[in-house]
Each structure stands twice: as C-alpha cells, then as structure tokens.
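S.K.: First the structure, then my questions, so here it is.
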Amino acid sequence: MEEAELVKGRLQAITDKRKIQEEISQKRLKIEEEKLKHQHLKKKALREKWLLDGIGSGKEHDEMKKQNQQDQHQTQVLEQSILRLEKEIQDLEKAELQISANEEVILKKLKSIERTTEDIIRSVKVEKEEIPEESIEDIYANIPDLPSSYIPSRLRKERNEESDDEQNRKALYAMEIKVEKDLKTGESVVLSSIPLPSDDFKSTGIKVYEDRQKSVYAVSSNQNTAYNGTDGLAPVEVEDLLRQASERNSKSPTEYHEPVYANPFCRPMTPQRERVISPGPNSQERMVMMKANGLDHHESESVHGMTDGLSERRSNGLAHTSPTRPTPQPRSKVQQVEEMVHTQQKRMPSPWEESSIRQNEYEVSPRTELSPSRASPGKSGPQCSSPICQEEADVRYNIVHSLPPDVDDTEPVTMIFMGYQQADENEEEKKLLTGYDGVIHAELVVIDDEAEDDEGQAEKPSYHPVAPCSQVYQPAKPTPLPRKRSEVSPHENTNHKSPHKNSISLKEQEERLGSPARHSPLGVPGAGDGTEDPSLTALRIRMAKLGKKVI
C-alpha cells in the first residue's frame with residue numbers, strides 16, 4: 001500500500017508540475033504583449049508632447065494635452081502589470097522547483113521499496129509451491145467403476161520417460177574441439193577436433209549449451225573446469241563450430257604416388273629404332289611386341305624399296321591403316337627413290353614461292369648428302385599407278401623427311417644447298433633430257449666414318465613416345481606452295497597435293513649445274529667458260545677438308 005501511495009504522489013507531483021509549466025508559459029506570453037503596448041504608448045506620448053510645444057493656447061491645445069495625460073496614465077498601468085506578471089512567474093518557478101524536489105524524494109522511496117523482476121518471479125514460484133496441485137492419480141481415483149489395472153496414457157508416458165531418461169541421454173559419440181576465440185572480434189576458430197570414445201567421455205566442465213540432441217561443455221586449456229563466468233553459446237554458434245570441425249576433418253593432405261595402372265599393358269613402350277639385319281623375322285617379331293604391349297593405336301609401316309633399311313612409322317589415334325605393306329628388302333647404304341616428275345609450263349615464281357624456296361634452303365637432313373652421279377634410270381623399283389600411291393611414295397622417300405637409323409641426332413651436320421631450277425621447255429632442255437622416260441632415279445648417300453659404324457651402339461628413340469596421341473605436341477606438317485590453277489599438271493591429283501612436287505630432281509640438277517649455258521638460280525653466278533658451278537666446287541673443298549669424298 002505504501003508503494004501505491006508513493007506512486008500516486010509521484011503522479012500528482014508530475015501533474016502539478018506540468019500545470020505550473022503551462023501557467024508560466026501563458027504569463028510570459030502576456031508579459032510580451034504588455035511590453036509591446038507599453039512601447040507604443042511611450043512613443044505616442046513623446047510625439048504629442050513635441051506637438052504641444054509648437055501649438056499656442058486654445059481649444060485644440062487643451063484637447064491634445066488631455067490626451068497626453070491619458071496615455072501617460074496607461075503607460076504607468078502597463079508598467080505595473082508587467083512587474084506583477086514577472087513576480088507571479090517567479091513564484092510559479094519556485095513552486096515548480098518545490099514540486100520537483102518532492103518528486104525526487106518520492107522516486108527514491110519507490111526505488112527502495114519497489115521489487116525487482118527476479119523478486120516478483122521468485123514470489124510467484126513460492127505461491128505456486130504453496131498451492132498443491134492435484135495429481136493425475138488422484139483425479140482418476142475419484143472416477144467410479146474404473147479398473148485398478150488401468151493406467152492413463154499420460155501417466156504411462158511420464159513413467160517411461162523417467163525410466164528411460166538415463167538411456168536416452170547416453171552419449172552416442174563425443175568429440176573434443178579446441179576453439180580459439182578472438183576477444184576483439186568475437187569470432188571463434190576451430191584449431192583441432194579429436195573424436196573421443198563415448199564410454200570414456202565424462203561430463204566435465206560447465207554446460208554452455210544443451211538441447212535434446214547434443215550438449216556442449218566448456219573446459220579450459222589445461223583440461224580443468226572453466227571459470228564459472230563462462231557465457232552460454234547460442235545455437236547458431238554451436239552449429240558454426242560443428243560445421244568448422246566437420247570441414248576440418250574432411251580435409252585430408254594431398255598424397256602423391258606413382259601412376260597406377262589396371263594391367264601392365266595399358267601404357268605403350270617407348271618406340272625404338274630397329275636395326276634390321278635379316279628382313280623377315282625382325283619385322284614380324286616387332287609387330288608381335290607391339291601387340292603384347294597393348295597398343296590401342298593401329299601401327300602401320302610402309303616399306304617400299306628397302307635397300308637402305310629405312311622404314312617410316314606412321315601412327316595416330318584414328319585407327320589409320322596403310323594400304324599396302326610390301327616385303328622388306330636387305331639393308332644397304334643406298335636407298336633408291338622413285339619420283340614422278342611432270343613437266344611444268346613456263347612461269348615465274350611468285351613472291352611467296354620465292355620466300356618458301358629461301359626457307360627450304362636451310363632444311364637439313366642429318367649426315368646425309370646427295371650424289372647426282374649415281375642416279376641411273378635403269379634402277380627403278382616397283383611403281384604405283386594411282387596418284388595417291390605416287391604421293392605416298394613421294395613423301396615416304398623424300399630426302400628431307402627420310403632419316404637414317406644410324407644417324408646420331410646430337411652431332412651437328414653441315415649441308416650446302418645447291419639451288420632450284422625452273423624446268424622450261426626449250427631445245428637445250430630436250431637435249432639434256434635425252435632418254436628421259438618420265439622417271440628419275442636418285443640415290444641417297446650417307447657419308448659416315450667407318451670407325452663409328454658400331455652395331456652395338458645404344459638405341460635411341462626415333463620420336464617422342466606419346467607424340468602421336470598428345471594434344472599439345474603436334475609436329476609441323478609441310479605446307480604445299482601455292483600454285484595457279486592453270487599450272488597444275490593434269491596428271492597430278494589435286495585433292496592430295498604433295499609439298500615436294502615442285503622440287504627439282506637430282507639428275508636434272510646435276511646436268512644443269514654442269515651445263516655452261518644455264519644460269520645459276522637464286523642469283524648465284526655460274527661460270528661461262530664451261531667450268532663447274534662455284535657452289536659445287538665449294539662443296540668439294542668442304543668435303544675434302546672433312547676427309548670425305550664426293551662421288
């Protein structure tokens with residue numbers, strides 16, 4: 001009751017204080033109005049007094065004098081009213097201060113008497129404890145004709161919960177998570193997470209979070225119970241810590257190991273250059289070895305005129321097969337090559353063809369030289385009539401693409417380009433090409449030291465083992481020179497152009513180099529007195545210094 005009276009006294013003080021404040025504001029407005037009137041009357045009285053000084057005696061003078069006296073009287077009344085209002089305002093302000101002081105006293109008393117929320121909750125709990133609740137058993141006991149064996153479902157559920165409480169709350173698994181919390185930002189970082197056996201887990205520490213599924217206990221870094229002021233964790237924080245711990249467990253360091261294959265035949269062996277002594281058994285044995293290694297790519301070898309023992313292996317990932325596979329011939333130092341040479345019409349080389357010719361001047365075949373003197377039209381091998389077969393033979397036995405098997409790729413080789421010559425139809429050419437039957441036979445001569453001809457030399461791979469299947473490594477393919485439509489020979493297959501159709505044959509090159517009437521191609525001056533070409537002389541001098549002999 002005392003608290004209620006104090007609350008009422010405080011409310012009354014607040015109301016009186018509010019009324020006094022409104023009254024003070026009204027009186028101040030009235031004072032402002034009185035001051036305005038007082039100033040107006042003062043100005044009017046001064047003006048009338050100034051006018052009376054200039055007017056003589058008479059009726060008008062008397063009236064103005066009387067009006068001036070009335071104005072002065074009103075001015076005095078206004079001054080008194082203003083003073084009275086100011087005094088009343090001062091009294092009201094004093095009363096307001098007194099009411100405020102009384103309000104503060106009442107507020108202090110209320111704070112000393114008023115109960116906190118905890119006290120109110122505690123008192124409510126005590127009141128509930130004082131009032132005994134009727135149990136369910138007592139309620140059902142008052143029901144007549146109820147069998148004694150009947151147990152209400154609610155009571156049965158409560159009994160089951162009490163009996164199975166320990167079993168339901170037994171930990172299925174436990175995990176120790178080390179967490180570092182930044183006191184500035186409040187962020188928690190999981191340092192490590194270690195799973196623990198649920199049997200060895202003991203509820204040590206302060207419980208900071210619990211629901212029907214999981215419980216979280218806070219333990220200090222020295223495995224002791226954390227201090228009692230540990231704050232609880234929100235469900236969001238618990239979920240975040242569990243997510244970080246699971247992510248940390250899922251991360252495993254990268255392990256590097258050797259490649260593992262399902263069977264030992266899934267990776268091809270590095271292809272080696274073969275050193276064929278007898279033609280028959282070696283080729284068959286090598287083919288069986290490739291199949292045993294489990295190669296998925298079809299290997300095709302075209303052996304044509306194998307007097308040199310050279311074989312080109314072509315393979316790709318598209319199951320390419322060779323049209324023919326002739327029987328290899330015994331090995332020797334000379335490889336006979338067939339080329340079909342077609343007579344071209346008269347034309348000048350275009351600028352791009354000239355640049356391509358200059359580029360081809362520096363194409364090198366390691367440790368190989370051409371000897372025009374050994375070309376004989378009588379040594380012709382088997383010929384193929386189809387254009388596709390001719391192109392394959394042209395590419396297969398081209399001197400730029402052929403590579404002897406016993407050449408060491410690491411040693412440098414010097415070659416001198418002899419030049420190109422356009423084939424023109426004239427009388428001189430007809431004289432030079434007497435007995436020409438459409439086929440020129442060239443010989444590939446390998447200049448090598450006899451002492452280095454060691455058959456037991458270590459074998460080296462002919463090309464990269466995975467180059468045909470690689471998408472990164474693709475060897476450059478020779479591009480054919482551009483030709484006009486009118487300059488294409490009708491005997492050539494235009495769908496399969498070979499980049500070496502325009503190259504001059506060795507026999508024709510020899511005859512033109514030895515001819516005094518022909519001019520040297522590419523601007524090299526030839527001797528006009530019948531002597532041999534200076535480039536050929538330079539070649540002979542170079543070979544003589546090396547201890548070789550040009551045949």
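Every residue, even glycine, has its Cβ placed from backbone N, Cα and C.
From a predicted model like this one, the values you see are computed outputs, not experimental measurements.
These came from Swiss-Prot, pasted as-is:
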MOD_RES   MET1  N-acetylmethionine
COILED    12-106  coiled coil
CROSSLNK  LYS125  SUMO2 cross-link
MOD_RES   SER135  phosphoserine
MOD_RES   SER163  phosphoserine
CROSSLNK  LYS178  SUMO2 cross-link
CROSSLNK  LYS178  SUMO1 cross-link
REGION    247-267  region 'Disordered'
COMPBIAS  247-258  compositional bias 'Basic and acidic residues'
MOD_RES   THR270  phosphothreonine
REGION    298-387  region 'Disordered'
MOD_RES   SER322  phosphoserine
MOD_RES   SER350  phosphoserine
MOD_RES   SER371  phosphoserine
MOD_RES   SER376  phosphoserine
MOD_RES   SER385  phosphoserine
MOD_RES   SER386  phosphoserine
REGION    452-536  region 'Disordered'
COMPBIAS  484-495  compositional bias 'Basic and acidic residues'
MOD_RES   SER498  phosphoserine
MOD_RES   SER515  phosphoserine
MOD_RES   SER520  phosphoserine
S.K.: Here are the recorded sites: LYS125, LYS178. Which has the lowest count of other Cβ atoms within 10 Å?
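M.R.: Counting other Cβ atoms within 10 Å of each of the recorded sites LYS125, LYS178 gives the minimum at LYS125.
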S.K.: What is the separation, in Å, between the Cα atoms of LYS125 (SUMO2 cross-link) and LYS178 (SUMO2 cross-link)?
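M.R.: Cα-Cα distance, LYS125 (SUMO2 cross-link) to LYS178 (SUMO2 cross-link): 40 Å.
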S.K.: Over the coiled coil (12-106), what does the predicted model average in pLDDT?
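M.R.: Averaged over the coiled coil (12-106), per-residue pLDDT gives 86.
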S.K.: According to DSSP, collapsed to three classes, what secondary structure does LYS178 (SUMO2 cross-link) have?
M.R.: strand
